[in-house]
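Lifted from TrEMBL, the feature list:
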REGION    31-131  region 'Disordered'
COMPBIAS  47-62  compositional bias 'Low complexity'
COMPBIAS  100-109  compositional bias 'Basic and acidic residues'
COMPBIAS  112-121  compositional bias 'Low complexity'
TRANSMEM  200-220  transmembrane segment
TRANSMEM  281-302  transmembrane segment
TRANSMEM  335-353  transmembrane segment
TRANSMEM  386-410  transmembrane segment
TRANSMEM  422-439  transmembrane segment
TRANSMEM  459-481  transmembrane segment
TRANSMEM  501-520  transmembrane segment
TRANSMEM  569-592  transmembrane segment
TRANSMEM  599-621  transmembrane segment
TRANSMEM  641-659  transmembrane segment
TRANSMEM  666-689  transmembrane segment
Amino acid sequence: MEKFPLKGNREIVAEGNSYITAYQSVLKKSNGHTVNNSDSQYQEHPLATSSGSTAVTTSLTTPDDDEMIDITPRSSPSEIHQHSTHFSSYSRGSTADNSDMERGRDFHGHHQSPQSQQPPQRTHPHVPTHSAFGDILDGGLSFYGSSEPHDDIPGIGQYDDFHTIDWQRDIARDRMRHRYIVKKRQDSLWDLVKGAHDAWSGWLCVLLVGIAAGCVAGMVDIGASWMSDLKHGICPLAFWFNREQCCWPTKQSVFDEGNCSTWKTWPQIFGLNREGTGAYIISYIWFILWALLFAALSASLVRMFAPYACGSGIPEIKTILSGFIIRGYLGKWTLLIKSVGLMLSVSAGLTLGKEGPMVHIASCIGNIFSHLFPKYGRNEAKKREILSAAAAAGVSVAFGAPIGGVLFSLEEVSYYFPLKTLWRSFFCALIAAFVLRSLTPFGNEHSVLFFVEYNQPWIFFELIPFVFLGIMGGVIGTLFIKANLWWCRFRKFSKLGQYPVMEVLVVTLVTGVICYPNPFTRMNMNELIYLLFSRCSPADVSNPLCDYTRINITYGATFTEVTQPGPGVYRSIGLLLLAFFLKLALTVFTFGMKVPAGLFIPSLLLGAIMGRIVGIAVEQFTYSYPNVWIFTGECVTGNNLITPGLYAMVGAAAVLGGVTRMTVSLVVIMFELTGGVGYIVPLMAAAMASKWVGDALGRQGIYDAHITLNGYPFLDSKEEFAHTTLAADVMQPKRNETLNVITQDSMTVDDIEMLLKETEHNGYPVKILDMAPITVTDQTPMETVVDMFRKLGLRQTLVTHNGRLLGVITKKDVLRHVKQMDNEDPNTVLFN
């Protein structure tokens, strides 16, 4: 490895001016040169330096190391002479500006080429104060958020598409900006006002995000409800009313449409009666036609205007919050198309939910509003604080569960979650829930989706069936994950992926054909879940699940009411079993199609069906054998009765936990979702059993599994690195390979041009810039290195031996190494 001596503090820049000028001319010649290797879609470049008084080199790593920061100078030689610590970025390809560029993959998963825009550079004649992160501390310089919206920190470029951010560098930049603003407060009243605005900009931003998220969620809920009922009929007096609003004075049941004279079914619109063979056929046809129309519109809008609007979005949100850049994924077109497409796909009757995509929608809102505040819009690490709060608001408006939304953001999606982000997330979720409550999209006085009115306490022995439901939830969740991944891989690598709209139409047609004959699968999934959660009363004569014969039986001096199931209950159990297997199979094929689709509601439905059936079985067992010792004295007094609806609620939590592997946030969401605060212990028991069984059968939840499937560069902070490798085993270049370098004294312009031709690096570092790089020795255990990448948010770290630079470990190197040690293909970490 070639080297040159360390020449001092500021003098070295002046002495090396001729080298930098020649080096810059070479870079200008190579501008526009594209990289053809498969890793060039997100390449990052480390600022390499050596510590201490040993030799310092400017290093070019091997072609496999493509994660170096682009910091080649764009400034003139005079500026370089004036600013000894000044640096900026250069890329062979293009440099993305700060705007949220609307671009992404095409509809088949291929990435569209980014559009490059180079922001103008401002020159500053002041002598800078040295910064280890390359920023300039001086009273006359402009910092993000401190002056006009277009002011940039000199020499600091923006991250390019498909890059990972440098958390430490961005956080340090924000601290320096904050110190500058605090210092300027004393200069004038205007600076004092700007300082106050900067202090409150975070709260103002999350306030706007919460208001907008609540409004968008209300519109999505109202629109989806109206279009879902449109498949069954219309309200002639006011066509914009859904069935519940049209029949509100009659309080109709979901199973009985005959008692509502204001709501007209499609056979009635054509002059037929509600009942009969002809009416059934016409209703069947219109049901399928409306479903096909809605599904075709949803898939077409996604394909033509916003390819990133498909799917749930939570895997990508997790990856973005971990520090990855995907331009356009949180843009305005994605927000618009995902909102409209979500209403259409839910209304089509597909086995999907709108709750997961609401996290994506809220994150889009957070990204858009963050650009109104340069403090967040121009700092990717700070922007992720707003995105974390927006994700909490998404869950809050999806279920009416603000506390669960905050915990969901903390447990499931966020990567960097400081205490102030917790407070702002809570505030954002609160505002979003309040706005949604004001719109009353659920049609009742409650702000929750499935309000229950249980007044019976659970009995101790019921923990046995509750844990059984948790075990079954873990098994069902694991089976679903494996089946869905198999189908998604087949779709990805077969010709089926070339016809996404056709796939959506075929699945919609099959769903409509097989779901309409079953009254439980015909209705909206939210209605069915509410029906399964509900407790039967003597007035529920139209609900087949409540077809009980009630008999009073005397046990000595006490009386109890025994309910014997009638034929309607047994028929309902058979239909629910059929619905369970149909919905499970349909969800496997639906999740991953090119329409907005979530998993929360289908998972809750599967668990609710399973739980209701188990609850009915336990109920009949206790009434048939009241003298069994495990519940003697509990069920014969007439006070403590079995509630099958509670089992449906616990089963729903168990399956959702098996699919997502959520625990704390799941329990909170469930009791906020239903209002059943007194049933936290059963929910906790089922959630823990579900997670234990699921982790034993497969370590990844559905979102982590799709992150792996798509090859996103996500380093999971919840997994442990249990291998005994060293940093020298992972660094680039390897021990026996050459470290390519650019030296100050011994290389000519021809040598540099030859090096540019022979290597495939995206950018090249320039030295005496970052005076405090993060380094490890070659004997550092990789367990420590992985923890550094996770907890510090590193993009790269330098590997040294006795002060000499040996190589670089990038985030991609770590990801590849983890895959390799787990006996998986290391090339899957590429963004493909």
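Just so you know, glycine gets a Cβ as well, placed from its N, Cα and C.
On a predicted model such as this, the values are computed, not experimentally measured, just so you know.
Outside the transmembrane segment (200-220), and at least 6 residues removed from its termini, the chain residues within Cβ reach (under 8 Å) are 145, 335, 339, 342-343, 354, 358, 361-362, 365-366, 369-370, 372-373, 375-376, 385-386, 389-390, 393-394, 396-398, 420, 424-425, 427-436, 438-439, 441. Remark: the transmembrane segment (459-481) contacts the transmembrane segment (599-621), by the rule of 3 or more CB pairs under 8 A.
Within the same chain, residues 452, 454, 456, 458-459, 462, 465-466, 469-470, 472-478, 480-481, 529, 532-536, 561, 599-600, 603-612, 614-616, 618-619, 622, 635, 666-667, 670, 674, 676, 679, 682-683, 686-687, 689-691, 693-694, 701-702 sit at least 6 positions outside the transmembrane segment (641-659) and bring their C-beta atoms closer than 8 Å to a C-beta of that stretch. Through the fold, the transmembrane segment (422-439) approaches residues 202-203, 206-207, 209-211, 213-215, 217-218, 222, 362, 385-386, 388-393, 395-397, 400-403, 405-406, 409-410, 447 of its own chain, all at least 6 residues removed from its boundaries and within a Cβ separation under 8 Å. Among residues of the same chain six or more beyond the transmembrane segment (501-520), those with a C-beta under 8 A of the stretch's C-beta atoms are 255, 284, 287-288, 291-292, 295-296, 298-300, 303, 348-351, 491, 528, 572, 575-576, 578-579, 582, 586, 589-590, 593-595. Listed as Cβ neighbours of the transmembrane segment (599-621) (distance under 8 Å, sequence separation of 6 or more from its ends, same chain) are residues 312, 351-356, 398-399, 462, 465, 468-469, 472-473, 476-477, 525-526, 528-529, 532-533, 545, 563, 565, 569, 573, 576-577, 579-580, 583-584, 587, 590-591, 641-656, 658-660, 702.
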